[in-house]
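A.B. asks: One structure is given below, represented as structure tokens, and several questions about it will come after.
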Amino acid sequence: MSTNGGAPSQKRSWLPSRPLLTTTTQTYPPPLLPFKKLHAPPTAARRSLPPAASKPMASSSSSSLPAAWAAAVRAWAVAPALRAAVWACLAMSAMLVAEAAWMGLASLAAAAARRLRGYGYRWEPMAAPPDVEAPAPAPAEFPMVLVQIPMYNEKEVYKLSIGAACALTWPPDRIIIQVLDDSTDPFVKELVELECKEWASKKINIKYEVRNNRKGYKAGALRKGMEHTYAQLCDFVAIFDADFEPESDFLLKTMPYLLHNPKIALVQTRWEFVNYNVCLMTRIQKMSLDYHFKVEQESGSFMHAFFGFNGTAGVWRVSAINQSGGWKDRTTVEDMDLAVRASLKGWEFLYVGDIRVKSELPSTFQAYRHQQHRWTCGAANLFRKMAWEIITNKEVSMWKKYHLLYSFFFVRRAIAPILTFLFYCIVIPLSAMVPEVTIPVWGLVYIPTAITIMNAIRNPGSVHLMPFWILFENVMAMHRMRAALSGLLETARANDWVVTEKVGDQVKDELDVPLLEPLKPTECAERIYIPELLLALYLLICASYDFVLGNHKYYIYIYLQAVAFTVMGFGFVGTRTPCS
């Protein structure tokens, strides 16, 4: 009997009442229907059809099979996985924008507080040191200072750092200049040694030190330098990389913070760049590093008295180094390693942005890639090695542990490099080809816009470069993500160390001899970066699909990304040496 008004009951078919897959642009038939031939007419009717009428139906049925299966795979496998990736990226984006907002507000508060009461630490000007030409017993307020200059085949810049260090204003009997030369080129070693001898002839207390091997790289050189008897007599150590040129009053400005505040272990100063206007890539680097110093270092110093040591242009208290275990070479970020360990011992750090030290930015794409790999991979690897040590530490507060684990390491050193590439270069382009997945506008537009605005606020003079900065950083995100994963997983390349190439002058043509060996014709192929070009092809496919068949309208952004990856894939970024 029927249950709907006496109508005869019918046997319920297992076929669905509507197509299994429905999108905003096209409806697909159930993928199993062609196998069962459920759409075929009865045998008698099929026999009555003319041949011309039956052939198109067979062709349509066979041609719909691949499309049906592709739609099924997309809807049942790709879409759920992509949707999960979208929400994971949105969660990480929220973490990143919250961290950026917190750091931005803290840095603005630090800037306001500095105008009212300075840096919050006692600082008193030092008495004039004795004349270098007529040495006299130095006042007791001038402690022994060691100036370390580690270098490795620095033919282009070794004179800059040595000359600047020897010109520092400090009693000559209270300062020691230590040049740590790990050069493997005998000619360069001879040049550096002759330069040290020349300054020694001018009554400068300078020491030239070499090692039999490069074990530990920079960390090993610094550690070996501290083992010398004369170095153990020093109370403080200033460190400058080979391309850094401190002003003569550097010690007179930084040392009072250390002398009058015994809890301070490190005074970090800001980098200034002599070659930032060489090319677009160096201008973009300056934007990123200015944000790093103005926001990350300033907020860390103001809120937590902690930040990552930048490896150069800073002055350390020797007792803090010794108490923290000295220099370790377990990662490629020995500077950050020492800073974290010193912080866990209760030491405080101070960032003084008013003191600037001239330095050089890498101007070739290859050199910049190596530098970013070392920094990103080393930081992620240090997170892996020190996470449990931070958790179990009993000498610092829970608030500082939270800052170290979550803000300093997890968000900035792990989430940031992975999210930028995964979300903006993989997930968003792929979603343009999957209409079942929609990204909320707040995650697609509002969050990246907020991050860009916060960066622009602290770099008002570089607002016109923001579009180029976004595209460049997204391309570099691929290398940073690979480096971060390499560090987190501690792969074979986790401890690769490549010294950043330096040129020593903004204009090479003004020099009598070339600073770099001309590239051989076969080496020109090294300018082609296959990963960038492959990703450019992927982005081009996604953008073209969205333009022709899609409805997300992401193609403008994706096309721009494809252009950026193509340009950098062929090496058309930074300075270039012509092929011979």
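Every residue, even glycine, has its Cβ placed from backbone N, Cα and C.
Sequence annotations record features per position, and here Swiss-Prot assigns active site to ASP182, ASP335. Feature annotation from Swiss-Prot assigns substrate binding site to ASP241, ASP243. Residues or ranges marked as compositional bias 'Low complexity' by Swiss-Prot: 15-27. According to Swiss-Prot, the transmembrane segment annotation covers 85-105, 414-434, 437-457, 528-548, 554-574, on the basis of sequence analysis.
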A.B. asks: According to DSSP, which kind of secondary structure is ASP335 (active site) found in, if we only use helix, strand and coil?
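C.D. replies: Going by the DSSP assignment, ASP335 (active site) falls within a helical segment, counted as helix.
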A.B. asks: Give the one range among 414-434, 437-457, 528-548, 554-574 whose Cβ atoms make the most pairs under 8 Å with those of the transmembrane segment (85-105).
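C.D. replies: Top-ranked stretch among 414-434, 437-457, 528-548, 554-574: 437-457.
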A.B. asks: To the transmembrane segment (554-574), which of 414-434, 437-457, 528-548 is linked by the most Cβ pairs under 8 Å?
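C.D. replies: When the Cβ pairs under 8 Å are tallied, 528-548 comes out ahead.
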A.B. asks: Quick one: give me the count of other CB atoms within 10 A of the CB of ASP182 (active site).
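C.D. replies: Cβ-Cβ neighbours of ASP182 (active site) within 10 Å number 23.
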A.B. asks: What whole-number Å value do you get for the CA-CA distance of ASP243 (substrate binding site) and ASP182 (active site)?
C.D. replies: 15
A.B. asks: Which sequence-distant residues neighbour the transmembrane segment (437-457)? Criterion: at least 6 residues beyond either end, Cβ under 8 Å.
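C.D. replies: Contacts with the transmembrane segment (437-457): 79, 82-83, 86, 89-90, 93-94, 96-97, 100-101, 104, 287, 291, 424, 427-428, 431, 463, 466, 469-470, 552.
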A.B. asks: Using DSSP and three states only, what is ASP182 (active site)?
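C.D. replies: Where ASP182 (active site) sits, the three-state DSSP reduction gives coil.
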A.B. asks: Work out the three-state DSSP category of ASP241 (substrate binding site).
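C.D. replies: DSSP call for ASP241 (substrate binding site): coil, neither helix nor strand.
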A.B. asks: At the level of the C-alpha atoms, what whole-angstrom distance separates ASP335 (active site) and ASP241 (substrate binding site)?
C.D. replies: 12
A.B. asks: I'd like the number of other C-beta atoms within 10 A of the C-beta of ASP335 (active site), please.
C.D. replies: 24
A.B. asks: Neighbour count, 10 Å Cβ-Cβ cut-off, for ASP241 (substrate binding site): what number do you get?
C.D. replies: 24
